[in-house]
Every structure is written in structure tokens, then in C-alpha cells.
Amino acid sequence: MQKLKQQVFDANMDLPRYGLVTFTWGNVSAIDRERGLVVIKPSGVAYETMKVDDMVVVDMDGKVVEGGYRPSSDTATHLALYQRYPSLGGVVHTHSTHATAWAQAGMAIPALGTTHADYFFGDIPCTRALSEEEVQGEYELNTGKVIIETLGEVEPLHTPGIVVYQHGPFAWGKDAHDAVHNAVVMEEVAKMAWIARGINPALNPIDDYLMNKHFMRKHGPNAYYGQK
């Protein structure tokens with residue numbers, strides 16, 4: 001597990017590096033599918049003092065199996081996503097400014113241009129509000145459930161992120177590094193959408209044919225973007 005702990009530590013340290021977190025407002029995890037174990041950031045530990053061995057290992061029920069700290073308070077959300085989507089290898093949650101602003105506004109981040117379409121096949125959805133019962137009950141688990149409910153039958157790696165109503169963004173990927181990459185892109189396209197809508201409030205979404213081209217040339221079966 002040491003290799004995975006290093007990867008998760010590095011991914012967590014990328015959050016302040018890319019300006020996605022203030023104080024301790026974020027967490028990254030990754031899963032070892034063969035062992036059924038998840039490595040995640042400890043709860044409330046400052047990035048400035050955090051070390052590789054501070055990462056916490058939990059089983060799929062959230063029980064700590066390795067580590068001297070409590071795991072992130074969002075652990076149950078991460079576990080719900082891993083259990084539902086076998087293609088996920090890493091999950092990240094932040095309160096990055098622009099993506100969180102869309103969450104607080106209760107609005108999906110609209111697909112307005114090719115930067116968005118290179119990573120997200122359509123709008124980045126916003127969940128419904130959690131009920132009082134859901135919040136007072138198993139809040140973090142119910143956050144995972146409302147993400148799953150909102151995604152429906154969507155392939156999660158085609159829409160590798162979401163904003164939770166009045167809360168903030170979650171992103172995911174094939175591993176922890178990929179999840180952080182998608183979180184960085186989500187914050188950038190959230191900012192771009194806010195600026196673009198300010199310039200032209202009547203702006204239309206990106207044309208489907210242009211969105212399809214940009215997404216499929218990177219992620220489709222005949223993708224040709226980048227090097228082999």
C-alpha cells in the first residue's frame with residue numbers, strides 16, 4: 001500500500017499547488033480494487049505538515065485498517081462512488097472558488113466551448129438539494145447517493161465531475177492524479193463559463209457536433225489526440 005499512499009499524498013499536495021483549496025478544504029483518495037482498500041487524506045490535517053505516512057487506509061465499510069488519524073469526513077461519499085462505479089480509481093473533493101459558486105447557485109456548469117468539451121461530454125451537472133432527513137442522517141453517504149442519482153446511467157469517465165447543490169465540486173478519474181487533473185479543469189471551465197455568461201448572458205451552449213468532435217478525438221474509440 002505504500003506506493004498507493006505516496007500517489008494519494010502527491011495528489012493531495014497538488015490541490016494547494018493548483019489553487020484548489022484553502023486551509024484543509026479538500027481531499028483526494030484512491031482505491032486498490034484487488035485488496036478492496038481505499039487510501040484517503042486524514043481529516044483536518046494541514047497540508048503544510050502532512051506526510052505520506054499520515055494517509056489513512058480504510059476498507060469498503062469505512063473501517064480504518066492503517067493509519068494514526070481519522071480519515072476525511074467525506075470518506076463515505078468517496079466509498080459510495082467507488083462501489084457504484086468500477087471504472088473509478090481516484091476521487092477528489094474541493095471547495096474551489098468558481099466550481100463552488102456554481103454549486104451554491106444550484107446550477108450546472110454549462111458546456112460553452114471546446115476547453116470544456118475536451119474533458120466533459122456535456123454540462124457538468126448539479127445535484128438536487130439534500131433533504132433535511134438526508135442531511136441529519138448519514139450525510140456523507142447521502143451525498144454520494146445524490147451524486148449517483150444525478151449521474152443516472154451516464155458513463156462517469158465521460159462526465160468526470162459534478163457540483164453538489166450548495167456544497168461544492170467532486171471529480172474523479174482512473175487514478176488519483178487523473179481525478180485531480182479533472183478537478184483542475186472543472187475549476188477552469190467554471191471560471192470560463194462565469195466570464196463568458198457575463199460577457200454575453202444569451203450565450204448558447206457549444207454546438208453538439210463541435211462538442212462531439214473535441215471529446216471523441218481525445219476519449220473516443222478512434223482517439224488521435226496526443227502521443228501513443
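Including glycine, each Cβ sits where the backbone N, Cα and C put it.
Here Swiss-Prot has HIS93, HIS95, HIS167 binding Zn(2+), and the candidate from ASP74, ASP118, ASP178 in that same listed site is ASP74. Each of the binding-site residues GLY26, GLY44 was scored by how many other Cβ atoms lie within 10 Å of its Cβ, and the smallest score goes to GLY44. Looking only at Cα atoms, HIS95 (Zn(2+) binding site) sits nearest to GLY26 among the recorded positions GLY26, GLY44, SER72, SER73, ASP118. Within the set of recorded positions (ASP74, ASP118), the lowest number of other Cβ atoms found within 10 Å of a Cβ is recorded at ASP118.
Neighbours of the substrate site: apart from GLY26, ASN27, SER43, GLY44, SER72, SER73, residues of the same chain with C-beta atoms within 8 angstroms of the site's C-beta centroid are THR24, ILE40, LYS41, PRO42, VAL45, PRO71, ASP74.
Distance noted between the C-alpha atoms of SER73 (substrate binding site) and HIS93 (Zn(2+) binding site) is 11 Å.
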